[in-house]
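Listed in TrEMBL:
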{"type": "COMPBIAS", "residues": "120-132", "note": "compositional bias 'Pro residues'"}
{"type": "COMPBIAS", "residues": "136-145", "note": "compositional bias 'Basic residues'"}
{"type": "DOMAIN", "residues": "156-495", "note": "domain 'PUM-HD'"}
{"type": "REGION", "residues": "115-153", "note": "region 'Disordered'"}
{"type": "REPEAT", "residues": "212-248", "note": "repeat 'Pumilio'"}
{"type": "REPEAT", "residues": "288-323", "note": "repeat 'Pumilio'"}
{"type": "REPEAT", "residues": "360-395", "note": "repeat 'Pumilio'"}
{"type": "REPEAT", "residues": "396-432", "note": "repeat 'Pumilio'"}
Amino acid sequence: MKLDREMEMLINEIPLLHHGGLLGGGADDDADLSFLIHELAAMGVVDGDDDPPPPPLPAPAADFLSFSIFNYPKKGDNHLVSSHPFSIANYCAHMPSLFDPLPFDASTAAADGWDIRCSPSPPPPSAPPAATPRPSRCKNSRKKNGGAMAAAASPKKYGGATAAAAGKPARGESLAGLRGFMCQVARDQHGCRFLQQRLDDGKREVDAIFAGVSRHAAQLMVDPFGNYLMQKLLAVCDAGQRKQLVLTLTADPFVLVRISLNVHGTRAVQKLIESLRTREEIRLVVDALRPGFLELIKDPNGNHVVQKCLQSFEADDNKAIFDAASVHCLGIGMQCHGCCVLQRCIARSRGEHREKLVAAIACNGFELAQDAYGNYVVQYVIDLKIPNANSSLAQQFEGKYIHLSMQKFSSNVVEKCLKVFKEADKANIILELLAMPHLEQLLQHPYANYVIYSALQNSKGSLHSALTNAIRPHVELLRTSPYCKRIYSRALLKK
């Protein structure tokens with residue numbers, strides 16, 4: 001049936017050629033007509049010419065950018081006249097389709113300037129196409145398939161599972177591609193975490209990261225994320241790298257001070273102080289911090305750096321801190337952070353450094369005792385029970401105990417004196433209280449009543465009897481006053 005249709009189509013074209021329907025008449029019409037006659041003769045419909053067909057013309061040169069490599073039949077080309085019986089199979093074999101894959105000639109592509117390496121390789125003939133997973137009706141299967149698809153669509157959210165299945169590919173990558181960008185990567189949250197993980201991979205990675213960030217140590221120490229990388233780098237670097245960081249940070253003395261005052265930098269500097277091993281490194285760091293000791297001690301971030309120095313270094317290495325604390329003990333002791341540093345200085349100092357510091361505090365005891373923070377420093381010194389210091393404080397407080405007892409902060413100091421001082425000094429305090437013309441004012445005072453209670457607890461003998469005898473006439477007042485409940489105690493009054 002298909003062969004009959006082909007013959008019918010060829011026969012129907014003959015009158016169109018005679019009337020110029022296809023080519024409009026001319027020399028080419030005879031050639032087209034001859035083409036059809038030869039085809040019909042091959043099929044046995046008409047008689048063909050006795051003359052053999054002319055030899056085929058040479059094929060034109062192939063052009064990679066055009067489709068001339070396909071020999072499409074053209075009207076008037078006698079070399080396409082079939083010399084064998086016409087068939088659809090033979091016709092299709094010689095007539096390529098536009099949907100067939102284009103042949104690739106490497107030599108032609110190279111001559112035209114194409115990049116052969118970028119040319120896609122044809123798929124292997126044996127590999128079947130990947131089948132698209134069909135949605136399952138089972139609820140559990142849908143959950144599993146949905147989880148896999150979500151992991152592929154969102155690698156950040158499912159990064160842990162993907163990395164575990166792939167054997168941590170990210171950590172195995174080379175750091176060479178980050179050259180010149182290591183500082184920027186360290187200041188990113190995920191980049192900083194990646195670099196911290198690479199520090200655990202060995203000395204080679206430590207050296208590579210150190211080379212990329214060492215020049216930017218001051219910037220990274222105050223960065224919200226970079227400071228964590230610097231802390232870990234200080235923990236794993238060798239002695240030479242640590243000394244190089246110390247030299248970089250101490251080249252300008254105020255650089256290390258500014259870093260210590262920063263909320264992020266203070267942690268990095270504390271880690272730096274913990275990692276120091278040689279006297280030379282300690283000296284460089286202390287000398288760099290020396291110009292800002294007073295500011296650091298009073299700062300909420302910097303005071304931790306000074307305390308870390310006191311905790312990590314020997315007393316001789318902290319001599320500069322002790323000297324600064326002795327000179328500025330009054331200003332330091334009356335500040336919320338400074339009072340803690342001052343107490344730490346006393347605890348860590350030894351020998352002449354401690355004596356000098358305690359003597360300086362005792363000389364300013366009266367002012368410090370009345371301060372909200374300084375009173376803690378005075379109480380700390382009193383608890384040390386250093387004879388010279390307590391004698392100096394007793395001399396300063398003498399004749400002023402009533403004044404000190406009626407203040408909120410200094411009343412705590414007077415109570416401490418009644419507990420720690422020698423008996424003679426305690427007697428002087430109680431006698432000064434009894435000399436008060438209106439003792440009931442002290443009994444009803446919101447702060448002085450605690451001093452009277454401490455005097456009753458820490459006195460004995462005739463001195464205690466004199467104190468209770470002075471209080472008994474005011475028993476009715478003690479029952480009604482809100483501040484006298486502790487004093488109104490039969491056990492104490494009967495002692």
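Just so you know, the numbers here start at 1 and follow the chain as drawn.
Placement of Cβ uses the backbone N, Cα and C atoms for every residue, glycine included.
Note that the structure is predicted; figures quoted are calculated from it, not measured.
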Spatial neighbours of the repeat 'Pumilio' (212-248) far in sequence, C-beta under 8 Å, 6+ residues away | 175, 178-179, 182-183, 186-189, 191-192, 195-196, 199, 206, 255, 258-259, 262, 264-265, 267-269, 271-272, 275-278, 280-281, 284-285
Residue counts (helix, strand, coil, in that order) that DSSP gives for the repeat 'Pumilio' (396-432) = 28 helix, 0 strand, 9 coil
Helix-strand-coil residue split for the repeat 'Pumilio' (212-248), DSSP-based = 31 helix, 0 strand, 6 coil
